[in-house]
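**Student:** Quick one: structure below, then a few questions.
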Amino acid sequence: MVVASEIAKVASKTARDIAGCFTCQCGTQFDNVERIVQHFKECRYRDETCKDDDIVVYEPSSFVQDEKKDKPIIVEAASEATSEEACNSSKERQLPALSALSALSTLTTSANDDLWTARLIWQSTNDTKLDNSPSSNYTDLNHKLANYGLSILSIHALMCVECECLLNVIHTAQHMQIVHKLELNEDLLWFQELRTLKLKSPTNVLQTHSSQTHVYPYIRGLPVLLNGYECVPCTKNGTGFVHAIMDTFRHHVRRTHGKVIKLENCIRRTALQTVKNKYAQRCQFFKVDYVPLNGGEEEEEEEGEEKEDAQNIKERMVDFCFSKFMEKNQQRREQQDKGENKKRQDDVDQATDNNTNTILEDDEKDNDEEEEEEIVNAREKNLLNQQFNWTAIVKKLGENWDQLVRFEYTNGIVTLDTIVNQLIRYYYRGFRHLSGMTMGMRRMFTQGGSYSAQERGLCRLEQKDTVVRYAQSAALYLIFLLRRPSADSGIRRHLEAMCGATVERKEGGSNSSSNISNVANFDSAEDDNDNDNDNDRDSNNNNNNNNTNTDDDDKLAYLELHEALKLAFLQQYDFSKNVQDLEIMEFLACMSLHKDGTSKYAYEISACFAPLIYTCRLVAACELQRLIDEKQIDLLSIPSFQTAGSIAYAHVFCFITLGQRNLYDVLYETQKVVRDIIRTEGYANTLQGLSPSTVLFQPRSNSMYPCIGDAFNNMVRLDLSELTALYEGMFAKVQDLLKELCFDMNVEKLLPISLLRSIGDDINNSKLGYSFFKESIEIRSSHSVLLRTILKNSELCHRFFPSMSKKDLTKLFGGVSDQQRNECDNYSNHYNDNSNDNDNDVFLKLHWSKSAIKKYETKASIFNELLFCLVYISAGQPARAQEMVYWTLRNGKYKTRELYLMFGRLMIYSRYDKTRNMKFAEKPIPRFLSEPLSILALRYYVLVRPLEALMKYVTTADRSKVAVYLDFMFVIAGERLQRDLPYRIFPKATYQCIQKPLGFRNYRHIAHYFKEKNIEEEMTRESYFDLQAGHTRNTALYIYGRTMDNLHYLPSDYFANFFRASYKWQELLQIRDNPTHGLLVETKHPFIKRVDQLEEALNEKLARLVGEQMVEGDKEKDKTNEEKNKDEVKAEMTQPVVNQDSHDLQDQLATTPTAPTAFHYRPGLLQPSQTSVQHCCWALSQYYGLEAKFRSLKQFQSVYFSLLNRMNLITVLPTGGGKSLSFLIPALIEKKRQTPGKVMNMVTLVLVPMMSLRQDMMLRVNEKGLLVCSGNWTAFKDVRLTLETQLPDLFILTYESALTNSGLRFFESLATLGRLARVVIDEAHLLLTSGAWRTALSRASRLSGLYAPLHLLSATFPRQLEMVARQTFCTNFYVLRETSTARENIFYFLHPYDNTEFLLDLRTLMKRTKVFEGDGRAIIFCRTKKDVEYIHRRLHQSDLFAHTHVTIYTGDVSDEERQMNFDAFRNANGKTRIMIATKAFGLGINYMGVRLVVHYGLPASSMDYVQETGRAGRDGKYAIAALFYEKYDSTWSSYVEDSMKNFLNDNTMCVRSFLASEMDGECVCCASFANCVYCSRCSDSLLGEESTVSTMYGVKPTLPETPKPAIATHSRYNASFSSSPPPQPGNSSGMSAMNTNTTSTTPVSLSELSEITLFPSSVSPTWKKSFGNANTNLKYGLEDMSLSHRRGHKRTYDEHLNNVQQGVNHDMNRVHGSVGGMSGIVGIGIGIGDGDGDGDVDSRTIHFAEYKSRVQAVKKQWVDSTDISAQLERFFRVYKDECLSCTLGNPDTEIRAHTGKACPVRLSTCYKCGKADHNLRECKLRIRFQGLCLFCGLTKFEHADSDMAYTSDCRSWARKANLISLVYYAWNNVQYRRTIADKFLQGDVRD
């Protein structure tokens, strides 16, 4: 046999097919043929008898020819019997071996360097017995080789068990290092000694054991080619096909299975046996079922029963030994945590030593390590330097200022380490004091802070690391004071005494660590119900008894340190002293600058405050406890603790009170400034949202992961469906890995999914080492399953124990069984000697294969990486990396576990201490895994983790290495997941799955965006999604920040809400097989119910409508038109709005006419129904008494039109104008109209923006008791809705709670039943303009789909918003607007802000408006919460308001506290007269007694200004609206609108003129009103003096006193029409301000109305008498509306929009009370044709027509996004049988029916450019389509689910239509190129 010929043969056969590298029989590997040739010259195993001339090989030409025929190249050695003549005759075809190989190299390398390389490994099969006989010389050597996965066979050859191949003994070391990556180090010499063994090489084995017969189904002893291929379909069919050459295998698949099955679905790697066929001159391949050898000699077969008994004994012993192994690990962990006090002290000292030199770096990492790349924020540094002037402070300290904050300090006996250790002890003593305090007392240490409303008080620190870090920071400040020459000498004296006591205690021989353990024992697990720490307590008590001599020393050290801390932290400063001269500011300056004097980042500076503030509070708490212990104070004096002059105040609370210029106050105020400067970096520059399901994100630049696919300006496009694909891809990989790790065993049967719901978990159990794994017998008994499987399976046993036979294993475990039996007989000797545990450990006696363990550990590491990514993606809002790396499986000494079981899922309950800020407590956040991921993770932790721990133990023989597998959730390469690995793992995993490098930080931002756009939370203040993400709701809407909550004092539904949040996120990701089993969350219902159910409901509703009598209107109806309209609406409602999965429905929607087909009703010229007018007046009397009258015509029209339920309205009335009556009166009338026992009440839906407005409105409705209202619709979502279901009359809800998917479905069902009367949106301008409700606005258009009219209410609705409303709600509105927004009774006062005079001006204004008298109140509006606190503090400290109570109202205050403050403010008999609030209080709050509204700072917009000033003077009396502004706000402020800036800068502009032009589009001023209080711009008086105003303008500053009306009694008139005075009370010819003496508010019945005059002067029974003719109307200020609408005049919605855009005066379209031009009869009714009387047209027919138009408009919105694609698809379907290339090439010609490939226009032309002189590869046309499917040209969203997008098997309609080819052809056509270039390429027509 010739070595060179074998090399050539293998190379030629496998050159094109087998991937990998070629391995010579000597063990050397190659990656190209040149190296093989060079190696052949030097290889020592080259056959000496072989010469180059003896090698025969085909010529290169023959090689190429044979390659085309798919025949393997035959290279064989020349026979020894070959004659010389034969050789000479074939010389032309014979080449030397080296030349042949060179030719082969030239040919194959030029084709593809990667296709020819191969790896051939030789293996010995199961007849090669392991030479382990006792008489063998290799017995001991084999035991040692087994550790490396090597074995010497009986054929005297060396085999690698892991690779299953034969090795050359000389190259064994290289093989282990290169292939298995093992570090030999000291064993390298031992491997070199192996060369002396006389073992056979692979070539010698081949020569000895090869066969020459014809066919061999299985030959024992022949080599095996491991990288062979098996055909899966053929194997299933029973025929079977295997081969080693990929090309041959590929031809077989195409020839046998065609193109239906993909190649990757057919191929399977397998081990093949190669047999030389003598006659065919080629190798044949056979599949090998490898069965490892069991022993050196053939074993005698045992009897069945004996063999079964031996197997049972072995399994029982394996289980017993494994349980013993796990128990020893647990015992060692408990001993390490509990008993080893000295080790714990060493850990503390070591942590101190390690952290003292790197605290700044650690703080930097702790605060921002999760940020992948920090960007230098120069602006932030400049703001800090400008605010604090750090550079000037450190300049005073000298050039060596940086030495003052060094961590190395030793001065006599005072050392930094001693101070830190004693501070740790001090903290734990302080924690003990805190635990004895009551909640109220602990809260006293946090009062006055910005978070005081939410804090539960000063709390202990949870984590030991946090205690050490805080102690280091406090110690560093003490050292800084010691280095300062001006420091208090008492601090040094006390610290020296403390250190002296510490040294004396150590010299006395006492164990200081025991005392620390006693103090820190409080930090151990709490609620120890199992008494697991009793022994520790006893030992601690014994230690205390033995160390009684050191108690005095400990107490002395504590007292001395306490005194030093008091001098350092409990300090007060004089207000005259400059803050920059304080020691604490000098310390902060040194900590905040680099050595070169530049400022650090703001987050680095912010990290310094929490430890110092907390220490200051804790020292104060310890001082308070000292006073209590010394009985200087008692707990009965707590109310006087914060009273100046008390002992507690003088010694404790004066040092932690804000505004007292103490250290605490300085730290707090400085921290607030830093926080104001700090803003968490937004993601607008790295993330752009395109749609609710699509984003563009900017990945981190990395050459390893190039961007593939949709990329725009370095930003990558990501769709929500890709996240689903990412999860599914990762989950499939994890499933396969788990199957491999479990050796293909049936884990579903062993650990079924029902186990998740059957296992118990005691969440409150904090016992050391506890986890829910201990609660289940199934789990405990499953730990050893994989080990038993290895020992039972021969192949696995041979893989992991290659040098041990079954007989050896049975003998080993049998000996353990005998030993156990003996120990049971002699119980006294049962494991008394623990020192021999390692020697007697049975697992260490097994000869494990290190390479097999290494391979298993690698797979497990990959599994952990993918599991980490899956948890990060699917558990809800993503956690931070620093959280996840520390997640544990069981309770530890200082940290409880994070993995729990709840609701049948794995719950991760993480605690993250990064954002302590002013709370100082860990804030746990629950996250729930999906059910499939939960059971997969559970199976891994139960089955695989114990085996990993055992393997780690047998490789290291160190039990301490095992703890990481039993403690942490994610273990990579035998270690806990490191902090930097998530940023490398996640991009790699995502790139492998979706080819997009999604970074760790990218996904956090993307998940937040998708949540905001796609998931609606039915809550107002807090979202559990935001809590999972680690920030509040307000932060989520504006910036991306961090806050969390705490475990203690949580509500009972806390976990349920988080479970709901996680489930909704998993539902958004479309995770399969994720049921809730009826817990908490209902399954997501479809948008439209089943057609048959809807048909039944519609039939019932239509039957009721047909049989019901009309209450008002014309009795004669056109029944034919009515039935036609009803049938059309019924057909529309039975169809879903949109279904993206149905192409037919898209065709239907796209062809639906978008313009409304039905007529639009408009206000006509008819008289209103007198019955309806009587009902309106009766309802008004029920609310406000018999003499109450409507305030204005517009108010009455709003009520009347709302009652008719025929139109969509926009009502714009001034604040206090009675807008609420527009739905309260109709609701009351409808309630009285209902027939008892038949149809139940109608429901009115009212939407409000704020919780405060909802509470105020509900309070007012409930006080009257006329209607039933509810603020929570969810109480009725489980009720089956029928016509008889009892429901509230009003649903008053916030935008967020109503505009959700579930909420809209509920009200859609009400509308389908015909029980939804109207939808009212209060403060509608906020919904359309404010960004806080952007998510609700995205769903607002669905309100138009409800079968009910829309009614928008607002006091500030600019005219430009009318178009926005029409576009948002897809319908037309009729506008009712008062003539002026500005109020006549308000004095608008503008004044620049002066800090020194502000309080005096405020008091003067309060006196002028008589706020201090009666029920007068004042409101101060501020822009931010910071300003609210500032004003509150100034008023509290000022003597001017000493007897005035002040309260606050902000968004972050709890609901209970806000309600309490509001009740105190509106209490007429209360003392609270001033409310300081943000804009949240300026929306709809109704309190009549507000006399003064003050703006501290400029409002953001004119709408805000009108809303907030509208709180004043709502009873019609004199009031002042004062605006104090700064020049900066009017010039540079970015949040103030330009219109407000221009208004402030123009001192000549009247306030009412500005408001009228902004809100009403009119030009008026103060002089235009007949009776109003002039503004400060129109008056010479600065503060509105009475004499000045009365003298100059004849107007009294206080309007005439009127009794408090129920609704309002004055009216405004536009003086531009007439200068005559308004009509006086009693005159029925106008609508004047009436003095309505409300004598009775008792509701009256309809029968009593006959005795009472029901009609107000503004609405009389005779309309002609009330209004007169047009001239009368003009006289009294009524608009001439004769041109607005005439009979039969109709215009479509599109015409109306065109008129608006052309500037047509569309006041006529917004006014609905009109004057008859010819007859002079005024009508405020509704008419659309001829007729008269009460409703000349059927209202229900009109309603159906309007509803149909709105439904069509809503559908049009859904269709617009896919309109182009739908049109193209329909076009191609119509012309699918005709050639479109002919059409584009010559539109005038007739389209001929032929395929595109046969088109004569495109025949033999380039695919791209259409030219015939080159092919596609040579085309120079550079146009490419990015982000599209390369096979069809569609985007991912335009594909159907079954299209198999972005694959070669794409089945979309565009591929069938050859869309891409058609687009290229259109580009090459001159007629279309310009159009395409102008639309998409900015006019660029170049190729």
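Note: Cβ is positioned from N, Cα and C throughout, glycine not excepted.
Here Swiss-Prot flags 329-347, 1112-1131 as compositional bias 'Basic and acidic residues'. The region 'Disordered' annotation in Swiss-Prot covers 329-372, 504-552, 1110-1135, 1613-1643. Under the heading compositional bias 'Acidic residues', Swiss-Prot lists 360-372, 524-533. Per Swiss-Prot, the feature compositional bias 'Low complexity' maps to 540-549, 1626-1642. The ATP binding site annotation in Swiss-Prot covers 1213-1220, 1240-1247. Feature annotation from Swiss-Prot assigns zinc finger to 1804-1821; the stated evidence is sequence analysis.
Each of these features: where is it, how hidden is it, and who are its neighbours?
**Tutor:** DSSP assigns Gly1217 (ATP binding site) to coil in the three-state reduction, placing it in neither a helix nor a strand.
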**Student:** By the DSSP assignment reduced to helix, strand and coil, which category contains Val1246 (ATP binding site)?
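**Tutor:** In three-state terms, Val1246 (ATP binding site) counts as strand.
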**Student:** So what sits near Thr1215 (ATP binding site) in its own chain, CB-to-CB under 8 Å and at least six residues off in sequence?
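**Tutor:** Result: Ala1355, Arg1383, Val1506, Gln1507, Thr1509, Gly1510, Arg1511, Arg1514.
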**Student:** Just counting, how many other CB atoms are there within 10 A of the CB of Gly1217 (ATP binding site)?
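**Tutor:** Taking all protein chains shown, Gly1217 (ATP binding site) has 26 Cβ neighbours within 10 Å.
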**Student:** So if I draw a 10 Å sphere around the Cβ of Leu1213 (ATP binding site), how many other Cβ atoms end up inside it?
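**Tutor:** So the number of other Cβ atoms within 10 Å of Leu1213 (ATP binding site) is 25.
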**Student:** Pick out which of the binding-site residues Met1242, Val1246 has the most other Cβ atoms within 10 Å of its own Cβ.
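**Tutor:** Per the Cβ count within 10 Å, the most buried is Val1246.
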**Student:** Going along the chain, which residues six or more apart from Thr1244 (ATP binding site) have their CB under 8 A from its CB?
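**Tutor:** Listed in sequence order: Phe1223, Pro1226, Ala1227, Asp1289, Leu1290, Phe1291, Ala1317, Arg1318, Val1320.
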**Student:** For a quick check of packing: other C-beta atoms within 10 Å of the C-beta of Lys1219 (ATP binding site), how many?
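**Tutor:** I count 23 other Cβ atoms within 10 Å of it.
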**Student:** If you average the pLDDT over the zinc finger (1804-1821), what number do you get?
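**Tutor:** Summing pLDDT over the zinc finger (1804-1821) and dividing by its length gives 74.
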